[in-house]
Amino acid sequence: MDHGENPVSIELQEYAEPVPQLLKLISSNEVAGFDSIMQEGETPVFPNPTNSSQPNGHQRKISISISMPSSPTGATSADTKNVLFVQDNAKGFKNGVPESCVGSKAKPKGVKFLSQPMPKGSVFGEGANMNQNPNVKKFKDKRFDSFKTWSGKLERQLTNLRGRQQESESEDDSVRPSENEALPVDRYFDALEGPELETLRASEEIVLPDDKTWPFLLRYPISSFGICLGVSSQAIMWKTLATATSTNFLHISLTVNLILWWISVALVAIVASIYLTKVVLYFEAVRREYYHPIRVNFFFAPWISLLFLAIGVPPSVASSLPVALWYVLMTPFLCLELKIYGQWMSGGQRRLSKVANPSNHLSVVGNFVGALLGASMGLKEGPIFFFAVGLAHYTVLFVTLYQRLPTNETLPKELHPVFFLFVAAPSVASMAWANIQGSFDYGSRIAYFIALFLYFSLAVRINFFRGFKFSLAWWAYTFPMTGAAIATMRYSSAVTNVVTQTLSVILSVVATLTVTALLVTTILHAFVQRDLFPNDIAIAISDRKPKSHRRWFNLIRHGSSEHNADIDTFLKFANGDTKDIEAGLKISSAEAK
């Protein structure tokens, strides 16, 4: 073909085969000027689609545009050539060239595109790489929909209203677990192990992907409120240091209390806001935490933090608090205690002998903190009621945890700081009874001496708290240690001497250094190393037991040497039927026992 010619005319040839009768009845349509570039100001002329002169045969005049520019700027480029394939002597064309272009050699001033090819991706290849973007894949990942508040129902309803059909409803149904049904407590004990029930057993599977990092809200546990307990209790301690008679020689300013109190308010607001967002967006995850036999105790932590803020409020902010505030803050305690204490007493799967754990102290210590605040406001009956309830259940919990039934597992090193929760309840109880009675009498001293003995019995065991990885459980150090320091200052005000004053200063310094070190470490792990919140396996267990023949794969995945016997036994029976495999697994389990 001659390169000097811009348009090329090609005459379409008829097929040698006869045209079917059905196609002969279909008249071809021709739209002049379609898919072409018109000069600015021209009006495209569309002829009558029905051509009476056209025979009924299937001879169509086809107009094809090649090298159509992908952008308006490309249309004005000198390199762009329009090649038209038309039949000779077509209407509006002369020798294959539009009549409007004959004799015109000047460049068009403007163009109007009547149609454009739609590229699948941009000229830079961004469209082709869009599916490979990890952020887009994470956004489209539907494996987390089962833990969302709406579980995709709202999106499906809106899509149906717009007249669009869901692409893969069957896939969503296969991923989504049974809704509106809480996991029974037996599933937590069967699928998880460890005293905190946070480690997945080798024979179990989770419903969320374990090969990627989950969304932040799914990894954000209710135990994060332990940070608020530690910092807000420091505000109370420094307020006591500045106002107690036994520590006047230190000349502590209330400014420290004011600064710590505002930091505590900000911290509580941030932690609570994040967790409320989790409640709104991932309610199923929150519900699983609530039904978790250990995590449920941490639902007391937000309300205890608010009680600490009320107790530690600086005098410059408020000299007195309204009595109605106490009733508002204690109402959630009463509701939670009616449920949890009833489960302890009912003798079911959530009985105390089965779920007993040092974190249960959080469900008891709130009674004493509430009694302390109420007595400081001048109330009597309400604080005595909660003090009595807390004393009764603390006695039962103390005995249960102290004897450690043979069925209970030993706490690993990572959770040894939780033992300091033993100190929290008697420390706060001594101060609460002192406020109720009006003096640090013998009842208050008995509770204080119990707390002091437990404190020193744990402090002397230095090796008990070394050699383990940092986690949020470390914040269990702070709140009980601060409570013991405050109780010591109250006791020192009643029995003032060098020993009690020195002990008050030492315990206060230790508590302050511990909180400061943990706060800095927490910030580093959260924002620098980004490993403070790993995937929360405890909320991702399946609602049913996995099949037994899958157990060997899980054992290989975990790579534990103690399960080699189970793997070997499975391989022996691998060529047999399913019954032989299950029998082999039972044999290996019996031999292990």
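Cβ coordinates are placed from backbone N, Cα and C, and glycine is handled just like the others.
Unlike curated entries, TrEMBL annotations are predicted automatically.
Per TrEMBL, these features apply:
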REGION    160-179  region 'Disordered'
TRANSMEM  217-238  transmembrane segment
TRANSMEM  258-277  transmembrane segment
TRANSMEM  298-318  transmembrane segment
TRANSMEM  324-341  transmembrane segment
TRANSMEM  362-379  transmembrane segment
TRANSMEM  385-403  transmembrane segment
TRANSMEM  415-434  transmembrane segment
TRANSMEM  446-465  transmembrane segment
TRANSMEM  472-491  transmembrane segment
TRANSMEM  503-528  transmembrane segment
Beyond the flanks of the transmembrane segment (258-277) by 6 or more, those residues with Cβ under 8 Å of it: 217, 220, 222, 224-225, 227-228, 231-232, 234-235, 238-239, 302, 305-306, 308-309, 312-314, 316-317
Contacting positions for the transmembrane segment (298-318) when only residues 6+ beyond its ends and CB under 8 Å are counted: 221-223, 225-226, 228-229, 232-233, 235-236, 239, 254, 257-258, 260-261, 264-265, 268, 272, 275, 289-290, 325-326, 329, 332-333, 336, 359, 362-363, 365-366, 369-370, 372-373, 376
Same-chain residues at least 6 beyond the ends of the transmembrane segment (472-491) whose Cβ lies under 8 Å from its Cβ atoms: 196, 221, 223-224, 226-227, 229-231, 233-234, 236-237, 240-241, 244, 246-247, 358, 414-415, 417-424, 427-428, 430-431, 434, 440, 444-445, 448, 451-452, 455, 500, 503-504, 507-508, 510-511, 514-515, 518, 521-522, 532
Chain residues in Cβ proximity to the transmembrane segment (503-528) (below 8 Å; excluding those fewer than six residues from its ends, i.e. six or more beyond): 227, 230-231, 234, 237, 241, 244, 246-247, 250, 470, 472, 474-475, 477-478, 481-482, 484-485, 488-489, 492
